[in-house]
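Engineer: This is the structure I want to talk about, given as structure tokens.
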Amino acid sequence: MKVGSKELEASKVRVIVDKDPVATSFEKWAQPGHFSRTLAKGPKTTTWIWNLHADAHDFDSQTSSLEDISRKIFSAHFGQLAIIFLWVSQAYFHGARFSNYSAWLLNPTSIKPSAQVVWPVVGQEILNGDVGGGFSGVQITSGVFQMWRASGITNETELYWTAMGGLMMSALMVFAGWFHYHKAAPKLEWFQNVESMMNHHLAGLLGLGCLSWSGHQIHISLPINKLLDAGVAPQEIPLPHELLFNQDLMAQLYPSFKKGLLPFFTLNWGEYSDFLTFKGGLNPITGSLWLSDTAHHHLALAVLFIFAGHMYRTNWGIGHSMKEILEAHKGPLTGEGHKGLYEILTTSWHAQLAINLAMMGSLSIIVAHHMYAMPPYPYIAVDYPTQLSLFTHHMWIGGFCVCGAAAHGAIFMVRDYSPVQSYNNLLDRVLRHRDAIISHLNWVCIFLGTHSFGLYIHNDTMRALGRPQDMFSDKAIQLQPIFAKWVQSLHTLAPGNTAPNSLATASYAFGGDVVAVNGKIAMMPIQLGTADFLVHHIHAFTIHVTVLILLKGVLFARSSRLIPDKANLGFRFPCDGPGRGGTCQVSAWDHIFLGLFWMYNCISVVIFHFSWKMQSDVWGTISEKGKITHITGGNFANSALTINGWLRDFLWSQASQVIQSYGSALSAYGIIFLGAHFIWAFSLMFLFSGRGYWQELIESVVWAHNKLKLAPAIQPRALSITQGRAVGLAHYLLGGIGTTWSFFLARIISVG
């Protein structure tokens, strides 16, 4: 039989999915714990419900097939995307249905954004404050109005249709999650094809994502924002499709549109500089980055990422191989280098996740700092509550992601790490000198803690004794942050040399002019002094302690001098028996548990520093004659020198708004402030708990029930040590975040 060329082609095509691998059935939904033999038997004691929650998403414990685990994670990602689209959709829907967006668009400096109206039940309509323009609602601080203005949305109808689009995408994601698990599930080799994944993610997700956003900015956002900035009423602005297809209309705003694509193909790209700019600084009308700069930025990124998406070797014999890159990565002092990492990263999703969480966490923290230094959306810089909320939000997200990175790094060490596979590579070498790493980190923490705290204690003592001349301050013994000031001056002067065509510095935080919108300061040079030097070293201290705890958890996850067989005990275990000088709280899980408290300390100091510094030295008003008045009148430099100053002039002084909020539109923050304190205090009951005490108490309560012939069928058990810690930690963080949130918002909405 002769095989035709088509048949030959067909035989070459690899099948990378399994058809109908898992039947669709709702019967399992009715069997709690169906994924585990032990749990499927049903509850004998109250511990069952805890284990059910702990293990429901722990796919590793449900099957040993990496392919099945990969499919479950892949499918769950579609579920996650469905929820994200639903969440985005509701944000747009509230903007369309319950907001004062149109009024805000006409007067963004004196009308406050609101997209939430409370129903008149039990008198809670008091929360609908007067936000201006005859609208009553809850003032929102998410920055969505500013983002919608930047993307060229001019009315509520457009928001409504975008919300519908989000809803449809959400439904599509639910379908995709079902389809790729039950109908056409990818094989393991598809998940492990990293070169193809890198190419598609870089060129597709990032490259085409940036390109399409850049295209949207150029064709829709830029013309609409130019007209809005010129004072044209939103209802008179052409609709997006008119701008897209009517070249003459665009040419009136950006003359280079007349020339079409000719300059592009003749390489006269400079012709397009009317809408692809490199100005630097901020737009004085909106107090935000120039939209033509950000369009240019996204276009450049798109080119970069599309190039990057053609780097890896797939079907044609050109490009990089990830395995070869990693194995070639050797130095004279690093043994086998990165040999073995390819195998780790293609078989351990925990290792992948750990790296991605560390990167995303760091990125979120970088975003937090860029959001105020280089405000991206129109009028966002003069909306102080939004600026404070977004900074705080991105710092918290970053902190949680970094702790998650350590958690999954440790799970990888316990469940997926193979010492044989990693002989003498960098990972192995790090593990072998972990004692040196951890003891050095410990020394750094002791040094930073003693000295940074010591400077404050000195200042408190001197101020208490009435000896201000002996304090560390800008007026007495100066500890100026000379390196930070040098970096500031460098950035202020740099554009003249490195980007001669730009009009201003990248950020006015470094130096330059005061940018104000309608007399309200958007950004200005941030002066640094002794008070910043002191709190900076507290930041260094808390970051290093967090890293010490998390890194120790990862490096000692498998074994330690105290417990050499830790890997056999698993990721979380309460203790390993008595008699060795304490073996409780040594599991990798416990390190994450302890690390999260220090992360909380760390982020709290950062957001307190930011909140006070901005109110003291940046946010405020500027008169026509140029006189600047800050919200707290520049008191940071003198008050933040002592612990007493932080307590008195920041925490206590600025808490007056939240404490006195009852009976006003801010009263919800007053109640949350109180309730979150209670939740925080409730956590201590679990954190200082004695398990035996509770078990003993439960026995008495059960005895009483038995006496009354009311014996429960499910035997009550005290929480295990680990469960108690988990409950305590959750309430500690929830209470702490709720307290901070209500304190910040009541304060800044009142004075901002």
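Backbone N, Cα and C atoms are what each Cβ position is placed from, and that goes for glycine too.
So Swiss-Prot says this about it:
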type	residues	note
TRANSMEM	73-96	transmembrane segment
TRANSMEM	159-182	transmembrane segment
TRANSMEM	198-222	transmembrane segment
TRANSMEM	294-312	transmembrane segment
TRANSMEM	349-372	transmembrane segment
TRANSMEM	388-414	transmembrane segment
TRANSMEM	436-458	transmembrane segment
TRANSMEM	533-551	transmembrane segment
BINDING	Cys575, Cys584	[4Fe-4S] cluster binding site
TRANSMEM	591-612	transmembrane segment
TRANSMEM	666-688	transmembrane segment
BINDING	His677	chlorophyll a' binding site
BINDING	Met685, Tyr693	chlorophyll a binding site
BINDING	Trp694	phylloquinone binding site
TRANSMEM	726-746	transmembrane segment
Engineer: Which residues, sitting 6 or more apart from Trp694 (phylloquinone binding site) on the same chain, put a CB under 8 Å from its CB?
Structural biologist: Ala718, Leu719
Engineer: For the transmembrane segment (533-551) and the transmembrane segment (666-688), check the count of CB pairs under 8 Å (sequence separation 6 or more) and say whether it reaches 3 or more.
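Structural biologist: Contact between the transmembrane segment (666-688) and the transmembrane segment (533-551): absent, because fewer than 3 Cβ pairs are under 8 Å.
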Engineer: Nearest by CA distance to Cys575 ([4Fe-4S] cluster binding site): which of the binding-site residues is it, out of His677, Met685, Tyr693?
Structural biologist: Tyr693
Engineer: For the transmembrane segment (198-222) and the transmembrane segment (294-312), check the count of CB pairs under 8 Å (sequence separation 6 or more) and say whether it reaches 3 or more.
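Structural biologist: Yes, these stretches are in contact.
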Engineer: Roughly how many angstrom lie between the C-alpha atoms of Tyr693 (chlorophyll a binding site) and Cys584 ([4Fe-4S] cluster binding site)?
Structural biologist: 18
Engineer: The transmembrane segment (388-414) vs the transmembrane segment (294-312): three or more C-beta pairs under 8 Å (separation of 6 or more)?
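Structural biologist: Between the transmembrane segment (388-414) and the transmembrane segment (294-312), contact is absent.
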Engineer: Who are the long-range neighbours of the transmembrane segment (726-746) in its own chain, taking Cβ under 8 Å and residues 6 or more past its ends?
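Structural biologist: 141, 385, 388-389, 392, 396, 593, 596-597, 600, 604, 607, 611, 654-655, 657-658, 661, 666, 669-670, 672-673, 675-687, 689, 719.
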Engineer: Which residues, given as numbers and ranges, are at least 6 beyond the ends of the transmembrane segment (294-312) yet have a Cβ under 8 Å from it?
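Structural biologist: The answer is 194-196, 198-204, 206-208, 210-211, 213-214, 217-218, 221-222, 275-278, 319-322, 376.
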Engineer: What whole-number Å value do you get for the CA-CA distance of Cys584 ([4Fe-4S] cluster binding site) and Met685 (chlorophyll a binding site)?
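Structural biologist: Their Cα atoms are separated by 19 Å.
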Engineer: Translate the DSSP assignment of Cys575 ([4Fe-4S] cluster binding site) into the three-state scheme.
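Structural biologist: For Cys575 ([4Fe-4S] cluster binding site) - judged by DSSP and reduced to three states - the answer is coil.
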Engineer: In Å, rounded, how far does the Cα of His677 (chlorophyll a' binding site) sit from the Cα of Met685 (chlorophyll a binding site)?
Structural biologist: 13
Engineer: Please work out the number of neighbouring Cβ atoms within 10 Å of the Cβ of His677 (chlorophyll a' binding site), leaving out its own Cβ.
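Structural biologist: Summing over all protein chains shown, His677 (chlorophyll a' binding site) has 15 other Cβ atoms within 10 Å.
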Engineer: Validating a neighbour-count step here. Other CB atoms within 10 A of the CB of Cys575 ([4Fe-4S] cluster binding site): how many?
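Structural biologist: Around the Cβ of Cys575 ([4Fe-4S] cluster binding site), 15 other Cβ atoms lie within 10 Å.
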